[in-house]
Structures are given as structure tokens and as C-alpha cells.
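Okay, structure first, notes after.
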Amino acid sequence: MFVKAILLLSIAVAYASADCLHCICMRESGCKPIGCHMDVGSLSCGYYQIKIPYYEDCGQPGKKHGESTEVAWKRCADDLKCATNCVENYYNRYKHECAGTGQGACEVMARNHNGGPRGCHASGTLGYWKGVHSCCGCS
């Protein structure tokens, strides 16, 4: 019975995470591969409007041997699977910065995605979070 409860909880968490990611994607690009655009003085690219330092922080998923970081970043950002992997990696790298805030996983993911490693502490990310929350109802 305990194993069954853990399995059901894991499935529920996976769905909540997928809903949260989808809503972040919708907020950033309508969940479309929109290429790169200037945003606050630097390029943001793809489904999640990822900037190059964010791509570096998420571990540069999908980067091929001998490929420049810039080429890999732009390609990854316009590939939904790769870009989603980057956002998940970024969340996992920086979620500890938000321990003790009482924020749920989706709020931490959304606010850090929008505001950087300590975005969960920045009041400027609240509007972004409210938009994501209204999409999925996630916490």
C-alpha cells in the first residue's frame, strides 16, 4: 500500500510539473519556437525565451562536441524537449535558494525562471508568477 501511495504521488508531481512547464512555455512564447528577440538588453531565444547565461547555468543540454555555446543555445532553445530539459535543470540547480520561503515547486520554478537564481525572493517576479499560476492553478 505504501509503495502504491508513493507511486501515485510521483505521478501527481510529474503532472503538476508538466502543467507548470507548459504554462511557463505559454507565457514566454505561446509555446512556439519563436527564435531570438532582444529582451532587456540581450537575446532571449525559443520556447522559454532562454538567455545564454541561463543556458550555461542549466548545463548546456544538447551541446554537440566542437559546437559553440551560442549555436548550441539557439538550437536547444528552439527544440521543445531540449529547452524543457534546460528549464528543469535550472530549477533543480537553484531551487535550494528558495528553501524556507513556503513557495511551492511551480512558484519557485516560474519565479526563478523569470528572475534568476534568487527570483523567488524578488518582488518583480510576482506578476510573472501570477500569470503562470492563473494558467495551471499550480503551487
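Glycine residues also receive a Cβ, built from the backbone N, Cα and C atoms like all the rest.
Quantities reported herein were computed from a predicted structural model and do not represent experimental measurements.
Noted from Swiss-Prot: C25 is disulfide-bonded to C31, selected from C20, C23, C31.
In this structure, the disulfide-bonded residues under consideration are C20, C98, and the one with the smallest number of other Cβ atoms within 10 Å of its Cβ is C98. In the shown protein chains, 26 other C-beta atoms lie within 10 A of the C-beta of H113 (substrate binding site).
In this structure, C58 is the one among the disulfide-bonded residues C58, C86 with the smallest number of other Cβ atoms inside 10 Å of its Cβ. The Cβ of E28 (active site, proton donor) lies under 8 Å from the Cβ of Y47, Y48, Q49, each of these being in the same chain and 6 or more residues away along the sequence.
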